[in-house]
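Copied over from TrEMBL:
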{"type": "SIGNAL", "residues": "1-26", "note": "signal peptide"}
{"type": "DOMAIN", "residues": "55-199", "note": "domain 'Cupin type-1'"}
{"type": "BINDING", "residues": "Asn97, His102, Glu107", "note": "oxalate binding site"}
{"type": "BINDING", "residues": "His100, His102, Glu107, His146", "note": "Mn(2+) binding site"}
Amino acid sequence: MASASSTFKFLSLLAALFAVAEMAISGDPDILSDFVAPLNLTTVDGAFFTFTGMRALVGAPPASAFKVSKASAAEFPALIGQSVSYAVLQFPAGTTNPPHTHPRSAELLFLVDGSLQVGFVDTTNKLFTQTLQSGDMFIFPKGLVHFQYNADSQNSALAFSAFGSASAGTVSLPTTLFATSIDDNILAKAFKTDVATVQALKAGLKP
């Protein structure tokens, strides 16, 4: 007989899949066929429409750092032209998904387990925040800077995210600003600080 925990996880997965279906709007260009198969693929069968990459998460030990597992066009070519993709977000205690954007899609997040502090900033620089509990959903509008944070120092959190694009894209603000080749003087002036501070921030992002 299934335990209450396994039943809840099963229902959570169903809800997450429903979220994916709801996000399957035309965020990508329309295609003129039922689906798009690679030119070098000689046989298209059910395996082409099956993604097994998430099997590694089943029964795996908890993540030791924030981790995103994606099913986008890059990992799952059958999604090309279907305007949908998916991600599993694992938050160990006290970890964050730093401020970032998805330039080609909104994000619909479903919190399966734990709690998360989430938020986004709109184009008027207004911050919208919320503390989510298991079973809650939250929408991050397309292209806006947003974040998720597990403030619980003892317990992990698990969330599923659905996107209305097969390739939503991710622009991480810390990485984009401080782990690229933008001149230190430009960053110092933009953030009204000094070059030494900028260099310290860059050093902190190195592996």
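Here the Cβ of each residue, glycine as well, is placed from N, Cα and C on the backbone.
Note: TrEMBL annotation is automatic and uncurated.
Because the structure is a prediction, the values reported are computed rather than measured.
Features as recorded by TrEMBL, highlighted on the structure.
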{"residue": "Asn97", "record": "oxalate binding site", "Cβ neighbours (10 Å)": "22"}
{"residue": "His100", "record": "Mn(2+) binding site", "Cβ neighbours (10 Å)": "19"}
{"residue": "His102", "record": "oxalate binding site", "Cβ neighbours (10 Å)": "24"}
{"residue": "Glu107", "record": "oxalate binding site", "Cβ neighbours (10 Å)": "24"}
{"residue": "His146", "record": "Mn(2+) binding site", "Cβ neighbours (10 Å)": "21"}
Env. residues of Mn(2+) site, Cβ within 8 Å of mean position of His100, His102, Glu107, His146 Cβ: Thr101, Phe120, Phe140, Leu144, Val145, Ala168, Thr170
Glu107 (oxalate binding site) to His100 (Mn(2+) binding site) - Cα separation in whole Å: 12
Within the domain 'Cupin type-1' (55-199), residues counted as helix, strand or coil by DSSP: 24 helix, 57 strand, 64 coil
Oxalate site shell beyond Asn97, His102, Glu107, criterion: Cβ within 8 Å of Cβ centroid: Ala87, His100, Thr101, Leu109, Phe140, His146, Gln148, Ser161, Phe163, Ala168, Thr170
Rounded distance in angstrom between the Cα atoms of His102 (oxalate binding site) and His146 (Mn(2+) binding site): 9
